[in-house]
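Chemist: Attaching a single structure in structure tokens format; questions to follow.
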Amino acid sequence: MIQLQNTFIFIALTIFTSASTTSLKNETKPLNTISTLAAQTNISNPEEDLFDTNGAPKSDTVNASTTTDRHKIPRWVNEQKMQKRLHAEPAGNTVQFRCAVQGARPITVDWYKDGEPIKKNGRLGGYKFRQRNQQISLESVIMSDRAKYMCVAHNKYGSINHTYELDVVARIPIPPVLSADGMKNQTVKVGSTVTFRCRIVYSDAHPHVEWLKYNVNVTVLKRAGINTTDAEMEKLTLKNVSFADAGEYTCLAGNSIGVSHVSAWLTVLPVVDENDVWTEEIPQDTHYLIYIFGVVCFIILLAFIVYMCNSRYQNKDPPRLIPIENPDNIPPMSKMEEPVMLFGNEQAWRRMCLPHADHIEINIQPDLQWELKREDILLHERIDEGFFGQVFRADLIRCAGGRKEKVDAAVKMLKSTRTEKDMLDLLTEMDQMKRVGKHKNIVNLLGVCTQNGILWLVTEYAQKGNLRDYLRRNRPSELQYELSTPDSPAPPRDEPLTLRALMSASHQVARGMEYLSQKKCIHRDLAARNVLVANDFVMKIADFGLARDIRSNDYYRKETRGHLPYKWMALEAMTDNMFTHATDVWSFGILLWEIFSLGGSPYPGVKTHDLVRFLRNGDRLEQPQFASSELYRLMRDCWEESPRRRPQFRQLVEDLDRMLASSSSLEYIDLNSPCEADYLPSDVDSNEDTESRDSANATGEDSDSVFEPIDGHGAHAYEVDEAGPLLNPQPDANIVCNGHARMQSDV
């Protein structure tokens, strides 16, 4: 039935099996029959139609006898296009979400971000709504736009909803990457056709491409326009070339980050008539003359190079030597290697070797900005040692304001059991600490001693030792596992621990790691044993022996053999030897677990060779006793298998700052609470613990070893499990309880 009311035509949704006569009538008088109409059911697209599904204007009502209730309830249009719920978009892109809906009018569509109603100006750049709120647009998305977006459509008959999830991926700030396969020098004859190809391998932002020719002047041959495609711009074809076409051709590609280019030469030869070709045999004597002339020129050039090298060497002052003494007179290695290498940003050259004498000599040029005099440093007792390094407490005499002052310091140096690699690691640590600079929550470098003696690194001194021992030392009495030998008294406890203190320690370490990430430095060995506790409960990140500079790339791939903290490493670091800021975030999650377990050992009972399978199965460390559910969720976020889904240190600082502000300074750890966690020590060792200690003793390591030797391809040379007690019940008498900064290979 078709009716005309208020100048609008209403078409009742009726199915006719055959043609029928349709009449029109006005509000005042009937009209004549005008046509024969075969009606069919048709649902219009609500994104383009200004009328509802029954053909009525929004202000009119529908006859209930012509539409069933199920057509009145809101329902989605093209629901198959809404199946993709997770959208990963690069930062800076425009994102659109659509919820096309139909049903009885009026229908209201509301949008929510993580459960909160979306306001039009609720983000930088605002939200844009189109098609009666059925489409939302986010221009130039940023990291804070990561969320779940839900559209809710409802009318008086019911409501439906649909949720999209947006993941914003940070862009890689590099210019376009070009392939030079198609840009090779070519030599052709006049009249030939030449093709140069310039393939863009990668460009985060859309690149702009131009083709240039360099001869006497630069000529723009081809430029991308509005209607050109990428395939057209990647190819330059020259037909019927002439001598004027010879020269250098360049493909220039640029984006908002920078410009890249590849070039090739075109040489054009004349067409030679075969009838004009003639050859003249070169006399045999001429061959001999050319050969002799070449040999003489080579000898003269070689003599000139030797003369210039000798002249430059004689004009330079001889480098000073640093003897690395061997006080224990351990026999040197029988094989001598003398590689020549350039170290870091130092303007110096060094020759590394293991000679047949009892010392190693390194040629190094002093850095006047950091060089200290040995007579200004007074060494005291040894406060920590490992396999290849040791740390002494010292007094540093410095001049400030015209008068001398004494500063507490820690001096790190190598032991007699060192190797060339240990020396290189110590030099790398020195170079990293110089480059990183100063921050409240990292151990700052005070200076170095590279001349007239063994190599010293002079750093700040933390009076309360490392964080792991501090937490264990201040556990409630019934959980205390004393850090002492049977003949020595237990170390004194500092002060009762509060949950706010644990939260403050976590927040400070996150701030220090945020600073290192801004400096493009990955730590690779973040753990409670490498965080020092200074006065006023100030946390300082230490041990840059494994730290690496990633200013040129956003990652570091380990290619050599060496020891790594296996149970603190991210999954991709274990399997692919790939280290990024995201792997440091994983290690920070383990550090949080250590803090709120009061110095517990991670993955108790899990063998290192089973750890990868354990993590790939989705298993993670259990919630520690003193961590809240919110904090444990933060740990689990740090242990996401995909590095892109882990939070950044900036976000971790914000979250921990909020948690710290809401925590109470009077909330002490419950001294009477029972604790039966697997990560705390037990009076009776399991068989697994015994095997771990036996293995450790056989290799010269204690049972609390955390490093695994890894080769360049991720294979394990051997295994040391950490399922044993927190500390060796009979530690070396030279190791005191307030352990300080450790070397890379120390345990």
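Glycine residues also receive a Cβ, built from the backbone N, Cα and C atoms like all the rest.
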Chemist: Which of these links to Cys151 by a disulfide bond in Swiss-Prot: Cys99, Cys251?
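Modeler: Swiss-Prot lists the disulfide between Cys151 and Cys99.
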Chemist: Need the cross-check against Swiss-Prot: the disulphide partner of Cys251, picked from Cys198, Cys297.
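Modeler: Checking Swiss-Prot, the candidate bonded to Cys251 through a disulfide is Cys198.
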Chemist: From the set Asn42, Asn697, which residue is assigned the annotation N-linked glycosylation site by Swiss-Prot?
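Modeler: Record says Asn42.
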Chemist: Quick one: sort out which of 47-68, 311-332, 465-486 is the region 'Disordered' according to Swiss-Prot.
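Modeler: It is 47-68 that Swiss-Prot describes as region 'Disordered'.
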Chemist: Specify the nearest of the recorded positions Cys99, Cys151, Cys198, Cys251, Asp525 to Gly389 (ATP binding site), where nearness means the distance between Cα atoms.
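Modeler: Comparing Cα positions, the closest of these recorded positions turns out to be Asp525.
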Chemist: In Å, rounded, how far does the Cα of Asp525 (active site, proton acceptor) sit from the Cα of Cys251 (disulfide bond)?
Modeler: 44
Chemist: Here's one to test understanding: among the recorded positions Cys99, Cys151, Ile383, Glu385, Val391, whose C-alpha is closest in space to the C-alpha of Cys251 (disulfide bond)?
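Modeler: Nearest by Cα distance to Cys251 (disulfide bond): Cys99.
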Chemist: Looking at the recorded positions Cys99, Cys151, Ile383, which one has the fewest other Cβ atoms within 10 Å of its own Cβ?
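Modeler: Lowest Cβ count within 10 Å among the recorded positions (Cys99, Cys151, Ile383) is Ile383.
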Chemist: Quick one: which of these recorded positions, Cys198, Ile383, Val391, have their CA within 10 A of Cys99 (disulfide bond)?
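Modeler: Among Cys198, Ile383, Val391, not one has a Cα sitting within 10 Å of that of Cys99 (disulfide bond).
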Chemist: How long is the line from the C-alpha of Glu385 (ATP binding site) to the C-alpha of Cys198 (disulfide bond), rounded to the nearest angstrom?
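Modeler: Between the alpha carbons of Glu385 (ATP binding site) and Cys198 (disulfide bond) there are 57 Å.
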